[in-house]
Amino acid sequence: KGKCPEDGWDESTIELFLHELAIMDSNNFLGNCGVGEREGRVASGLVARRHYRLIHGIGRSGDISAVQPKAAGSSLLNKLTNSVVLDVIKLAGVRTVTSCFVVPMATGMSLTLCFLTLRHKRPKAKYIIWPRIDQKSCFKSMITAGFEPVVIENVLEGDELRTDLEAVEAKIKALGAENILCVHSTTSCFAPRVPDRLEELAVICANYDIPHIVNNAYGVQSSKCMHLIQQGARVGRIDAFVQSLDKNFMVPVGGAIIAGFNESFIQEISKMYPGRASASPSLDVLITLLSLGTSGYKKLLKERKEMFSYLSSELKKLADNHNERLLDTPHNPISLAMSLKNLDETNDAAVTQLGSMLFTRQVSGARVVPCGSVQTVNNYTFKGFMSHANDYSCAYLNAASAIGIKKQDVDVFLKRLDKCLKTFRKEAKQEKNINEISDANAATEQLEN
C-alpha cells in the first residue's frame, strides 16, 4: 500500500527486506558485466555493508525521482520512501498534502532548490519577502539562489516576536508583486520568536498571486506547526514546505523532505535537482519509519509534547528561584526562553560565559542570547543577532523540547543550569562584599586624613 506500517518491524525483517531490494540492482547480479563509467563498484566491503549494497543511489541524470533500469531495487526504495514519508506527514497533521520527495540535502539547500524552481516561473522576480528569523542557513538559502532577501522585522506582542503582516503587505505594494519571487515564512523557531502567521500570509500570497515557501525545519514533530501549514493551504496559498530529516525523524544529518499541495509543482522541483543523488537519507528514514511504525512515531510525538509541558513548568520554577522569569511565549510549541536580566546587569560578559559553562558541562543545544550583538551575514548586517529583533528587552537562554528528549535530559539540564547560576550569584555577592569593604576603607581613610 506504500504506507507506514502501524506496528514497527524487527531489525531482522528490515534487513531481509533491504537485501531483497539490493539483489534487484545490477551491480549485485551474479555474472554481471559492467562496461559503463558508473557500475556501482565499491572498493571497500565495509562501505558496501554500510549501505546494504544499495550503491547506485536514486534517480537518473535528468530527474531525482526517475526510475533507473539497472537499479530496480534502489528505485523501488526511493518510491517507497517517498510514499511512506507522505503518509507520515498526513499522520502528523497536514492531511491534504498531495506529494513529497526526500532530497539528499539539508533544509537550507532544499529551500534553495525551491527558489531556483520558482525562478523559471517568475523570471522578472528578484526579491524574496522574509519575516526575520536569526538562523543563517535559511537566510543564505536565498542568497545562494541569487535573490535579494527583503527582511521584515518582527513586532513585539508581550514577550513574543510575531509576523508584521502590515509591513509584509506594504513591501509587496512598494516593490510590485511581479518583482517578488515568493514569501519565505517559518514555523519552527527559537523563542521568543514564534511561528509566522501562516494563515494570514497564505491569504496575502493568494490575493497578490505570489508563491509561498515555508521553512518547516523541525515542525513535523509539532501538531501546532503542522496545523498552521494545513490551515494556510486551506484558506490561502502555500506552494511548498521543507522539513529536515534529522530533526524530525532522528536520523543522521544530510536529508530533507520537500512537500506540497500541487503535485506538478513538487515534480518540477524534483526535476530541477541536477544528476543522481545519494540514497543514504532515503534509506535512513525508511529504516527508521519501518522500525517505529505509525504507533511508534505517534508515541514519540506524544512524549515530546509531554516533555515540553514538563520542561516549561520546571524551568519556570528555576527562573523564579533565581529572580528571573520564563518568557511568556504560548505560540511557540517547541522552544522556551528564560530571561537572564540579573546576570546581564551584573556583568557584561556573564551571559556568554554562562553559555560556555553549560557547554563544558555537557549541556548541548541550549542557546544563550546576549543583548546587542551585531553580525554580518553575506554583507547584510543584523543588529541583535540571534534574538530575531534589533533590540530585544533582555538577554535570555533557550531550551527546546524536541523529539526523542527524555525526562532525564530535562532534569540533568535544570540541575546543571541551577548550579551555574548559583556560581554567578555567589561570585556577584563576593564582588559586592569586596566593593563594600573597599568603600568603607576609603571612607575611613578620608576621615582620618
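Note: Cβ is positioned from N, Cα and C throughout, glycine not excepted.
Unlike curated records, TrEMBL annotations are generated automatically.
Under the heading pyridoxal 5'-phosphate binding site, TrEMBL lists ARG38. Under a cutoff of 8 A between CB atoms, and with a sequence separation of 6+ in the same chain, the neighbours of ARG38 (pyridoxal 5'-phosphate binding site) are HIS56.
For ARG60, SER61, GLN68, ARG276, the entry in TrEMBL reads substrate binding site. Long-range neighbours of ARG276 (substrate binding site) (same chain, six or more residues apart, CB within less than 8 Å of its CB): HIS56, GLY57, ILE58, GLY59, ARG60, SER61, ILE64, GLN68.
Note on LYS426 (tRNA binding site): other Cβ atoms within 10 Å of its Cβ, all shown chains, come to 10. According to TrEMBL, the feature tRNA binding site maps to ARG234, ARG361, LYS426.
In sequence order, SER188, ALA217, TYR218, GLN221, ALA402, ILE403 constitute the residues six or more apart from LYS247 (N6-(pyridoxal phosphate)lysine) in its chain with CB-CB distances below 8 Å. Per TrEMBL, N6-(pyridoxal phosphate)lysine is recorded for LYS247.
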Please give the maximum pairwise Cα distance, in Å and rounded to a whole number, for the substrate-binding set ARG60, SER61, GLN68, ARG276.
10
